[in-house]
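Novice: The region 'Domain I' annotation in Swiss-Prot covers 1-67 and is backed by sequence analysis. Swiss-Prot lists 68-146 with the feature region 'Domain II'. Residues or ranges marked as region 'Flexible linker' in Swiss-Prot: 147-157. The region 'Domain III' annotation in Swiss-Prot covers 157-224.
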Amino acid sequence: MISWLKGEKVHTWKISSRKGVVLNVGGVGYEIQLLPKQIDKAEVLNEFELWIHQIDREDGTSLYGFIEVNQRDLFREIISVNGIGPQIGMAMLEEFEVPQLVNAIENKESNLLTKTQGIGKRIAERLIVELRNKLQRFTDNDKTIHENKNDIEANQFSKYIDEIYLILNSLGYVDNEIKESIKIITINEKENSLLLNSSSAEEKADLMDKHLKEILMKLSEKST
């Protein structure tokens, strides 16, 4: 059973709504499905370290990769629920960050869970019944999710800035240019952190597009 892989990216792929990478690990190519929100990072990084969940079937083996181990472990809990397959599990982790999803399940927020494509009211309620008392380990390192909300938001904002940095770096901009230009985002860190925390994956992508356009416009003005 494969649990973790580190290797060089040789290809990114897309099949319908599924996206992923092929990693060269010791001369062997592993095809791994990723969360779509991780694909932007996949486009600019050459080396990956991924936590893996492996599913073996008669027609082949499927690998699901995650940047963070708690994403992989929560994915395993989700697909242990009767009627929920790996694609719905991936969709849920695409829609929500781990703390948000754990919080929704523990607080019986079935309406929030149904925001995920493929999750109806009945499946959402089944998730809550089967998992709400099994997720304590995801919050053991924190007093409660609510008490650490500010830390979670700050961490999300930091990751968001890192992604923007990588994209700008891949476009040829240097460190000093990037650090100066992203001040238009960091100057409103609190506001943008709250916005990120309450946004869906699609809304986050739209926000990133908006910020990138603003930054590129600022960089263009400086070069003229």
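Every residue gets a Cβ built from N, Cα and C, even glycine.
Can you tell me where each of these features sits in the structure?
Specialist: Counted with DSSP, the region 'Domain II' (68-146) comes out as 48 helix, 0 strand, 31 coil.
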Novice: Could you break down the residues of the region 'Domain III' (157-224) into DSSP helix, strand and coil, giving a count for each?
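Specialist: Tallying H, G and I as helix, E and B as strand, the rest coil: 57 helix, 0 strand, 11 coil.
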